[in-house]
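Take a look at this one; I'll ask things after.
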């Protein structure tokens, strides 16, 4: 690798503009020069393969098939608290999306029933409800993640984990749009 790197540097950095017969000759010498013999040794793990005495042993036998590689296993998912709540971890977007879905539906329901906008709902005891819902949904979302169960593994049919993420994203946008619209208009949306 170092030879190839040096070789490419010497070809491109040559003062004569790169490729000359001298550089090509040096390239061939660098690539095809062998200073030491190269040996390959294969060491199998586990039980050694017993040779069949009826088959003559040759050093270049093509009849033996190489063993198939072991099956690729899924990487284990981390159940560390820091990994789960990392920026790219599985918990933050899912938890925030679930909270936004509940919050958007609750905000619209209270607005329809009492006629209060979002800011009035928050000032009239909504903070306690928000904190309680946040704690409950966070714990409920984290318990399966601590056990190593991911939502992607349990999603089938119409209610997939991707659909939940998109619904949560739209609910986050809807909740912000609802609050912004009510702030600009000074009243309720409906």
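The backbone N, Cα and C atoms fix where each Cβ goes, glycine too.
Automatic, uncurated: that is what TrEMBL annotation is.
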Which one of these stretches, 44-76, 77-109, shows up in TrEMBL as region 'Disordered'?
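Spelled out, TrEMBL records region 'Disordered' over residues 44-76, not the other listed ranges.
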Looking at 150-169, 170-189, I want to know which stretch TrEMBL calls transmembrane segment.
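Per TrEMBL, the stretch marked transmembrane segment is 170-189.
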Per TrEMBL, which of 12-34, 127-149 is transmembrane segment?
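The listed stretch tagged transmembrane segment in TrEMBL is 127-149.
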